[in-house]
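Over in Swiss-Prot, the protein carries these features:
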type: MOTIF; residues: 95-100; note: motif 'PP-loop motif'
type: BINDING; residues: Cys170, Cys173, Cys261; note: [4Fe-4S] cluster binding site
Amino acid sequence: MQTNFSQPQTFNPADITRNVIDNNQDDMVDSLDSDEEDLDLDLDLELSDEQEIAHKGVKSARFKKLQKKLRKQVSHAIRDFNMIEDGDVVMVCVSGGKDSYTLLDILLFLKRIAPINFDVVAVNLDQKQPGYPEEVLPNYLQQQGIPHYILEKDTYSVVKSVVPEGKTYCSACSRLRRGSLYGFAKQIGATKIALGHHRDDILATFFLNLFHGGSLKAMPPKLLSDDKQNVLIRPLAYVEEKDIIKYARYKEFPIIPCNLCGSQENLQRAMINDMLRQWDDAHPQRLASIFKAMQNVAPSQLADRELFDFESLTLQRDDSKRDFEGHNIQVGVANELAEIGLPTQPDIKPFESATAAKKIPTINPIID
């Protein structure tokens, strides 16, 4: 799967989103009543022909607005973290869930219009879970004309034999799946492995490690594997799960359930996901603020000695004189102060001089 290139080009989100949706459609959607925002797509309403046409028009306009939003978020994530470069072969790991379908769909669109050349190939690992509908993904990918590989490997039996009864299979299953996909990416020459984790997955992992792992870490948007053989990317890093749910409904992806093995989601992660949903309902900007904080880390304000050299901190005072501004300084046990060389009558500056400018002094030696 080779591609010829001329000169290197950058991935510009403006090129991605330009002319994707008609401005008139945007205006129409913006004027819709907010109560209709989560209209169920499967409602069976008794509508007249005119109402049916209008209803379909509203849904179409709303979908185009959502589609534009997701494409823009993905293209910005790709640009911000240099996820995809000219000549890359991107292996999209497709599980049959809403996230990986959405990721694949958007990357295929970006491939067609991006100012750089890259290839996309879908890969699914059939782990032989009982009841797994083996024909669903191959049929979908074939119908869409998407180049793909379906890998068959009975990791389910391995997981079942090593995980104690009553424990969740998810962690062991994920590790085995990851190892198989990493190796296959190298085998076919894929230069990037694209995973479908979204913003809420990243936040949940952050709190899982914070509450139960004693560490400040999450899922990075881009990661070099421990063996340095693969680069993982998460182009949905800026996308909210609730938008993916809506997008998948609109697109009517053939979703394959993720709990065919009967294993339940990790209880700790499930509780954190519930917490995040409650926060989002009560405080719509809270999750966005937390994610922004993950991009704005100040190592000197934390306590990790590996990230910041606290031991080497030294004073760097100049010779300028700074007097206390106030009304009085009471001195106690002056003889002890004198013995250690500290002033017994410190100079004082009238507080009025500080208030004359009608502003609060902003000097903060701790933060500065």
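The backbone N, Cα and C atoms fix where each Cβ goes, and this holds for glycine too.
Around the Cβ of Cys170 ([4Fe-4S] cluster binding site), 18 further Cβ atoms fall within 10 Å across all displayed protein chains. When Cβ atoms from all protein chains are considered, those within 10 Å of Cys173 ([4Fe-4S] cluster binding site) total 20, not counting its own. In this model, the motif 'PP-loop motif' (95-100) carries an average pLDDT of 96. Taking DSSP states H, G and I as helix and E and B as strand, the motif 'PP-loop motif' (95-100) has 3 helix, 0 strand, 3 coil.
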